[in-house]
Amino acid sequence: MTQDLERARERAEELRREIEHHNYLYYVLDRPAITDAQYDRLMRELERLEKQFPALVTPYSPTQRVGGRPREGFAAVRHLSPMLSLANAFDERELRDFDRRVRQALPGEQVRYVVELKIDGLAVSLYYENGILVRGATRGDGDTGEDITENLKTVRSVPLRLRRPVPALEVRGEAFMPKEAFSRLNEGREEAGETLFANPRNAAAGSLRQLDPKITASRQLDLFVYGTGYGEWGRAVFPDGERTAPQEHAEVLELLKELGFKVNPEYRLFDRLDELVEYCLGWQARRFELPYAVDGLVIKVNSLAQQERLGATMKSPRWAVAYKFPPEQAVTKVKDIFVRVGRTGVLTPTAELEPVRLAGTTVSRATLHNEDIIREKDIRIGDKVLVQKAGDIIPEVVAVLKEERTGAEKAWAMPGRCPSCGAGVVRAEGEAAVRCTNMACPARLQEGLIHFASRDAMDIAGLGPAVIAQLVSAGLVGDPADLYALRYEDLVPLERLGPKSARNLLEAIEASKGRSLARLIFALGIRHVGERAAKILANHYQSLSGLMSATQEELVNIPEIGPKIAASIVEFFSNEQNRKVIDKLVKAGVNTLTEKVIREGGGPLNGKVFVLTGVLKDFSRQQAQELIESLGGRISSSVSRNTDFVVAGENPGSKYEKALTLGVKILDENEFRELTGRK
């Protein structure tokens, strides 16, 4: 037994190191080296070992990322050094004033600045001892924050163990919610009739202060680190012992990256103030291209010795300033207010606006969320309104310019019947959402089909909203399973669907039968079940029938599946109509199992490295990647001597030329089909 335990201990530590390495490649460097399926196998092996030998479980094990039971509150934590706020600069003049103050305090010295993006999130502190995360906290009042260690452990970019055993290190960073995750979260909350988050920052803050870590884990947060509050770096970082600490802030950022932290790559060093100012002003427009929200840039004196001499006021350091972007708003007119019916029956009022340019795009619509918000803001048809993008993402009406009213404006009220089917509408107690009561409502059906066919679900090319509207109107489709019964003669008469398009659509529908179980679960449109939850459920149950028979008690014990998701799943599969649709899908031949090769860890392409270049005729880039990974292969973004195959479509790029130079096997699309068995 002792030998078994020792072997298990060695293997568990080996697995932890390997998983930590792949977390670093994926979440920090954005260079994954293995497939999701291969990563899941490593995690499952570690979970089995720790379950068999509970004494092996460590606080830094990757299996401990999702916390246990909800807590009653958060304990207070005192920071090792104050987490000060930053003084603000709102224009070029104030930036130059900051530089003047720095140079006056450091007469005759050369000053270099580091400029970093100011992430719009929640400031947090992470404390490590001997390379192990022991505590994480919010900023709080700067001296004392709240202990949110268990919640921060669920953020995949937070290392539980550093790549080197640094004796003591307090790291500062910004937790945030990516724009895409924020949009998905609010869409789900709107469908559920829940209060929406105003912006990604509020969403991140609310997510990290959840008493239940499983809810935090489901929110897909991320974190960039930007500095340290305290550091005993030791010989783990400086092995020669000639110095014991970094000397520049830019060096700190590089060291943090080497230790396993995610550092924002958009930082620059400047010697000349004019270039620094130009760089800051240039980000005002560029920020909208980023996948996360930023509200400015932070300018810091690079030399740590100079930082120490400059010191700080009671509120903020003298060696740093935050350049804040001016809020981008525009005035436009509400032309009309119309109601959209979602796939769960929620009636969402939307303002039709006179088109206006805002935050890099033309805005012609803005969601008004629900009737309560319209009443609260007193929004009327014909009003001139101030609009902005919440978190630079979602257009919203900020305020009504009531002084501009002429008397011709019209008040608006939520219709008492569904605008699509005429059925009655209801508003559940405690909810802001109004819902259509008709399960067979054409608008609900249409939105559900759009979701089912979408790229992240069953990915049926050519089946867009216009075609779906015609199919529903003609009575050809009453649920998603009916798509698989469509015939050529059903499609040809439809507008804009000639013989060729009809054949292509039928082929796309047929191809979708082979999509993964995770995609099918997501496509079903179960309330609160997003892409990540669908993958977790697929990996856990391995079959749709297994998920259908799951109890609520069983579901809540799955990491990241909380009570709300569990209740929604049980409710969905308890519905007789839903079960009939699934039965039709099974009879049509739609895949309801996980890939056997993924489950058993093998496949005809096992271990082979592929690079994709050019445009494939019959595969999207994502489809080709999923096919390769399902057969055991993996995708690389660049060609090297370790590459086994380059799949070349039309107009291949430089990767094709490099493959020729290195003698790497090049496959055209037909050869790729033969290799993967998709003839």
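Glycine residues also receive a Cβ, built from the backbone N, Cα and C atoms like all the rest.
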- Note on the structure: Checking Swiss-Prot, the member of ARG16, ARG65, ARG139 that binds NAD(+) with ASP36, ALA37, GLN38, TYR39, ASP40, SER85, LEU86, GLU116, GLU174, LYS300, LYS324 is ARG139
- Query: If you measure CYS418 (Zn(2+) binding site) to LYS118 (active site, N6-AMP-lysine intermediate) at Cα, how many Å is it?
  - Reply: 44
- Message: Can you tell me how many other Cβ atoms are located within 10 Å of the Cβ belonging to CYS436 (Zn(2+) binding site)?
- Response: 25
- If you run through the domain 'BRCT' (600-679) with DSSP, how many residues end up as helix, strand and coil? 28 helix, 16 strand, 36 coil
- Query: Name the residues of the same chain, 6+ apart in sequence, whose Cβ is under 8 Å from the Cβ of GLN38 (NAD(+) binding site)?
  - Reply: ARG634
- Which one is it: of the binding-site residues ASP36, ARG139, LYS300, CYS436, whose Cα lies the shortest distance from the Cα of LYS118 (active site, N6-AMP-lysine intermediate)? LYS300
- For LYS118 (active site, N6-AMP-lysine intermediate), the number of other Cβ atoms found within 10 Å of its own Cβ: 23
- Which are the residues of the chain, CYS418, CYS421, CYS436, CYS441 excluded, whose CB is within 8 A of where the CB atoms of the Zn(2+) site average out, their centroid? VAL341, GLY345, ARG417, PRO419, SER420, GLY422, ALA423, VAL425, THR437, ASN438, PRO442, ALA443, ARG444
- Query: If you count other Cβ atoms within 10 Å of each one's Cβ, which of the binding-site residues LEU86, CYS418 has the most?
  - Reply: CYS418
- Query: What average pLDDT does the predicted model assign to the domain 'BRCT' (600-679)?
  - Reply: 79
